[in-house]
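Peer 1: Would you mind keeping the following structure in view while I ask a few things?
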Amino acid sequence: MGLFLLDYGAGNVQSLANSIKKLGHEFQWVTSPDDFRKATTLIFPGVGAFQTAIEHLHSRGLLVPLREYIRSGKPYFGICIGMQVLFESSTESPGTKGLGIIPYPVEKFDSSDKSVPHIGWNSIQILDDPPLPDNVADEGSCYYFVHSYRAKYDPALHASAEWAHSVTQYGQELFVASVRKDNVFAVQFHPEKSGPAGLSLLSRWLGKPEFELSHNPYTTRKIAQPKSRHGLTKRIVACMDVRTNDQGDLVVTKGDQYDVREKSTHATNTAGAVRNLGKPVALAARYAAAGADELCLLNITSFRHSPLNDQPMLAVVLAASKEVFVPLTIGGGIRDTVDPDGTRHTALEVAGLYFRAGADKVSVGSEAVYAVERLRANGNRPDGTSAIETISLVYGKQAVVVSVDPRRVYVDPGYDGPFKSEVVSGSPGGSDESKAWWYQCTVSGGRENRQLSVVQLVRGVQLLGAGEILLNSIDRDGTGAGFDLDLINLVKNAVQIPVIASSGAGTPAHFTQVFCKTDSEAALAAGIFHRQEVTIEEVKNALRESDMNVRAL
Ligand code: 1PR
């Protein structure tokens, strides 16, 4: 069939292209309005901002032909932004009109009872009644969502009842997870990032004859009601710190409190060498196959290189995105850079390169600290120039993670310094009993301390438009002593965006503990997975035993 993919110029479409190739289908990219006439089947994927998507389509003369294509009755499959553009408008960008095929607006999630964006693996409830025997989506599976805006499910509203094919619950809100009517099928989640369940959905849709894709058998739809608890699962993230070793090979390494060099010689003479725990792409594929809900690749020596010349890391992302169909966050060096020949690149260009290579989110580290320092010097008024602001404007805030590297600063009980309101005291009976401390931000992988607290940082980056916090702890990194629960609670109480707890995991029980004692949405580990001391399945089994939602493979 004449399958075309529409790339509106922002957002990661590479993953979808890779998954379609993996499923053995050929496709062409839409490059001109004329391609809509040639297309017999069209997929419009995309993560990003509503306004950017509409403006790109408009400026390339694709908006009207896209509407005509959909109205012509030929099969259309929209993903995320490809679903949202079908609606009349989005409160993400008041004044920007959508295609208006579904006559009601997309609006922001209510953040009063939950973190926004909605990020992670959630279940769907299919509304076809009676169920179709060969529905492309699968009610027993979890799919990966990443969005701040959603079409509310409101069965009293005719258009909602008519279009909503499945719903998902986040907090107490039910929203439209997929729409299906005549030739249109569109999903709010990302099948290309939803592991085997997502590939199966794509495969089933692509495997249907065009006639069937254009003419859905009539079904009535049941009315969904919110349940007592939503289906969003706790995410388990595997993190790979990547750098070149002394032989010039790109390896996954792992520090103890950020020191990645071997200490003891033991049998081999390796003292001082960069710890080598494997090859990045091979490890990424292994973790995805083992059930990791998300992968994180951090280029930990980026501050010494220009990322645009850092071809090995880009090559890693390109190769990993061909093998891995779960979300991929790339960090290290996301900032304005200058090539050795003097060519300047903005952080937005750097991020764009990684998104096009296959990253779903970028993680900003040192640059986020500098941006918040500037923000505070400017009376907490964002000026639109920081990496966080420019990237989130184009790709959406859900694509911007801020990686935080805090370190404890112990103080006397009577401490009266500038961070006194953020001082944490050790709990009675704990190893830190009788101690008090605050958390200081660092840059360049912990090498330099800044006069900024972790609370000031996370509040600042939320204001600038970050979508998620990756919360490391230099004190706990590589220790296996468990997550720093005081730090995680401090940060969770300071922001409304999701938080990934990181550093210190040593046992499956540490994951249960972090989800029982804090509201973090995800937990990340590195060392225990690299050294194969604990498997991802063991972690998930421990969470299941504590009655927590986790994604099955
Ligand atoms: O400043 O934007 O270029 O980003 C640099 C990135 O590299 C930051 O995300 C920073 O956290 C990371 N980084 C820099 N140096 C190191 C290092 O280890 N020497 N790694 C480093 C940070 C911490 C976590 C680790 C968890 C879990 N690594 O990534 O995976 O602590 O470890 P564990 O489970 O073994 O305890 P920029």
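Cβ coordinates are placed from backbone N, Cα and C, and glycine is handled just like the others.
Pulled these from TrEMBL:
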- C80: active site, for GATase activity (ACT_SITE)
- H190: active site, for GATase activity (ACT_SITE)
- E192: active site, for GATase activity (ACT_SITE)
- D241: active site (ACT_SITE)
- D405: active site (ACT_SITE)
- C80: L-glutamine binding site (BINDING)
- G333, N472: substrate binding site (BINDING)
- 5-202: domain 'Glutamine amidotransferase' (DOMAIN)
Peer 1: What does DSSP call C80 (active site, for GATase activity) in the simple three-state scheme?
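Peer 2: Reduced to three states, the DSSP call for C80 (active site, for GATase activity) is coil.
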Peer 1: Around N472 (substrate binding site), how many other CB atoms lie within 10 A of its CB?
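Peer 2: By my count, 29.
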Peer 1: Could you check which of these recorded positions, C80, G333, N472, sit within 10 Å of D405 (active site), going Cα to Cα?
Peer 2: N472
Peer 1: May I ask for the distance between E192 (active site, for GATase activity) and G333 (substrate binding site), taken between their Cα atoms and rounded to an integer number of Å?
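Peer 2: Answer for this pair: 26 Å between alpha carbons.
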Peer 1: What recorded positions among C80, H190, E192, G333 have a C-beta sitting less than 6 Å from any atom of ligand 1?
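Peer 2: Among C80, H190, E192, G333, near ligand 1: G333.
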Peer 1: Cα-Cα, whole number of Å: N472 (substrate binding site) versus C80 (active site, for GATase activity)?
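Peer 2: So the alpha carbons of N472 (substrate binding site) and C80 (active site, for GATase activity) sit roughly 30 Å from each other.
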Peer 1: Which of the recorded positions listed here (C80, D241, G333) have a Cα atom within 10 Å of the Cα of H190 (active site, for GATase activity)?
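Peer 2: Taking C80, D241, G333 one by one, the ones whose Cα falls within 10 Å of H190 (active site, for GATase activity) are C80.
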Peer 1: Here are some active-site residues: E192, D241, D405. Which one has the most Cβ atoms within 10 Å of its Cβ?
Peer 2: E192
Peer 1: Output, ordered by sequence, the same-chain residues six or more apart from C80 (active site, for GATase activity) with a CB under 8 Å from its CB, or 'none'.
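Peer 2: Long-range Cβ contacts: P45, G46, V47, V146, H147, V187, Q188, F189, H190.
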Peer 1: Please work out the mean pLDDT for the residues of the domain 'Glutamine amidotransferase' (5-202).
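Peer 2: The answer is 92, the mean pLDDT of the model over that range.
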Peer 1: Please report the Cα separation of G333 (substrate binding site) and D241 (active site) in Å, rounded to an integer.
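Peer 2: Distance between the two Cα atoms comes out at 13 Å.
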